[in-house]
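In TrEMBL this protein carries:
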| type | residues | note |
| --- | --- | --- |
| DOMAIN | A:22-31 | domain 'Uroporphyrinogen decarboxylase (URO-D)' |
| BINDING | A:ARG27, A:GLN28, A:ALA29, A:GLY30, A:ARG31, A:ASP77, A:TYR153, A:SER208, A:HIS322 | substrate binding site |
| SITE | A:ASP77 | site 'Transition state stabilizer' |
| DOMAIN | A:141-157 | domain 'Uroporphyrinogen decarboxylase (URO-D)' |
Number of protein chains: 2
Amino acid sequence: MQNPKNDLFLRACRRQKVERTPIWLMRQAGRYMKEYRQLREIAGSFKNYYKNVDLAVKASILPYTLLGVDAIIIFSDILTPLESIGMKFDFKEGEGPVFENPIKSKEDIQKLKEFNPEDVYFVGEIIKGVNQTTGREIPVIGFAGAPFTIAAYMIEGRGSKDFKKTKSFMYNNQEDFKILLDKIADMTIKYLSFQIESGADAVQIFDSWAGHLSPKDYKEFVLPSVKKIIENLKHYNKPIIHFTKGVCGFMDFILESNADVYSIDWMIDIKKAKDLIYPKASVQGNLDPMVLYADTDIIKKEAEYIIKSWGEDTGHIFNLGHGLMPDMDASKVKFLVDTVKEISVRRQ
Amino acid sequence: MQNPKNDLFLRACRRQKVERTPIWLMRQAGRYMKEYRQLREIAGSFKNYYKNVDLAVKASILPYTLLGVDAIIIFSDILTPLESIGMKFDFKEGEGPVFENPIKSKEDIQKLKEFNPEDVYFVGEIIKGVNQTTGREIPVIGFAGAPFTIAAYMIEGRGSKDFKKTKSFMYNNQEDFKILLDKIADMTIKYLSFQIESGADAVQIFDSWAGHLSPKDYKEFVLPSVKKIIENLKHYNKPIIHFTKGVCGFMDFILESNADVYSIDWMIDIKKAKDLIYPKASVQGNLDPMVLYADTDIIKKEAEYIIKSWGEDTGHIFNLGHGLMPDMDASKVKFLVDTVKEISVRRQ
């Protein structure tokens, strides 16, 4: 597939020259947009929403047409592939996902089925649909949850604050936990390969929860599974973005995952992240999403801090350190996108 | 006041020679102990519990008599001093503290009253009661919440996941927010001075929530207020412990607070923390509390990792990276204390 017309994002992922910093925002297709909520109403449930190719394509494209971001991430959920391996769940209003039978034992892990991309054919259709609709104007990002985050959902059976069940399982059944992460890695390799083969220009691996681990445990349990995923996707020659919320403690060895781009939260200064990561890889981030509750002059000041801290080099993709929130003001999100485009023009 | 008979903890705080690593545990007087729950039942409510000198003294001492820790932290709550400045709150079952009138404006900040230690006379009595009951066998630690954490409670009106109200207030009312933190610092100086004058051998400042900030915002808003507290307590010549949950991003400048001891969570490796902090200050921590849900051989292995990583130097106080949990097994907590005492004996 030929490069999209706007390939700023892809060039920044590869540390190639850019005229300005590309920007996209985690959870950019989200409830803060009235157009997203209208589509969601048509869908009825969240699951119907992300499984309905037509609606999901429309939702994915909204941030491009309404905000002018430089990349489209497909509208989906990190739990999407799990039904294929036999993990049933539902989204409960105001509570998030709840699993029918969380993983409790070695036997539960052994019972997991082989992942079949045909079970999530709709994800491939969404990627194709986005590319068709935009006429390859702009890159499409596919994504998946990272093994630790997915395992935590499977073991907790829902969201958690302290990951008590996950960590108990990890400490008390170390080999089984590694087998589980490895199985999820295998699923993710197939799932992301399928997305790339369907036309994704880049893929992002979301580790929302690994930041709750000690560096030692991260290195022993989490890193090998993420590394395996990335290793097995390298041959596609598509940028692979590794996002870890709470990455600060892992900065000394995070490069071992061998991603092309590291997406960082706001609890580490971007100058420090640059020192540690660039030019071996690119950096994505790192605005605190909460800044979007502030007035526009503050939003501008905070965006400027990040842009200026990074400096004139390529290799930076502007993004948040975490996702947009449902009650945010869409006009402020648009202001942020416009501002980053304006202030990041290379003056050289 | 003369030194307590067991002054291992105080010597480690001052980087003086110790025969073994001292240990105490955050939230060591807590619901996981049946003896604590019995006292709580007599008190009726949590507030009656920490305001009742007799019961609070008994609760404070439990971990010393039952576990054999090397320091007693008084049983109290970080919100204790707030009623004195006019912030009313109650503890709701299963929800934690809820404030009657959270801070919403500059005017709310101006209306705050001057802190008067007489309003929390019971805290002084608890410290004296502990010292009397133990006959100065062991050091007593006083404590207070750090300005950001206290301000977040005052603005959110309760616990929070994303600190949306606090950060909105901080970004949109930067000078007022600094004034609020400064007022809380002034309160805390008086509050901790009162505790030291009542017989506390050391004090700990708890910043449970500052880790949600970017390093830049931490440095601008949080650090000056903590620094001010510590500066104004130095003349007592008692160890001051600075605990920040999520400290990793601030390690480059955390020493500016000028504490004697830095208490660290488990998301930073203790070897790295030692490199950055020791011997300028001591380090306390950093076991993931969740390890206590694991089997005893794992608890031992994890404790050993921390002890060995630190090495033979003094200046380390064993503790958790956060508090004990209500559903933990008291016998495993005891096992941890025994294990640390056993394995940390200096072999030189």
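Backbone N, Cα and C define each Cβ position, glycine as well.
In TrEMBL, annotation is done automatically, which means it is predicted and not curated.
Counting residues per DSSP class in helix, strand and coil order gives 0 helix, 1 strand, 9 coil for the domain 'Uroporphyrinogen decarboxylase (URO-D)' (A:22-31). Panel annotation: around the domain 'Uroporphyrinogen decarboxylase (URO-D)' (A:141-157), residues 24, 71-74, 76, 78-79, 81-82, 87, 89, 97-99, 102-104, 123, 127, 163, 165-166, 169, 177, 180-182, 184-185, 188, 191-192, 195-196, 198, 200-210, 213, 221-222, 225-226, 229, 241-244 of the same chain, lying at least six beyond its termini, place a Cβ under 8 Å from a Cβ of the stretch. In the structure shown, across all protein chains, A:HIS322 is the one of the binding-site residues A:ARG27, A:ARG31, A:HIS322 with the greatest number of other Cβ atoms within 10 Å.
Around A:ALA29 (substrate binding site), a 10 Å sphere centred on its CB holds 27 further CB atoms from the protein chains shown. A helical conformation is recorded for A:TYR153 (substrate binding site) in the three-state DSSP classification. In the three-state DSSP scheme, A:HIS322 (substrate binding site) falls into the coil class.
Pairwise Cα distances among A:ARG27, A:GLN28, A:ALA29, A:GLY30, A:ARG31, A:ASP77, A:TYR153, A:SER208, A:HIS322, which the record gives as the binders of substrate, peak at 23 Å. Neighbours of A:ASP77 (site 'Transition state stabilizer'), defined as other CB atoms within 10 A of its CB across all chains, total 17.
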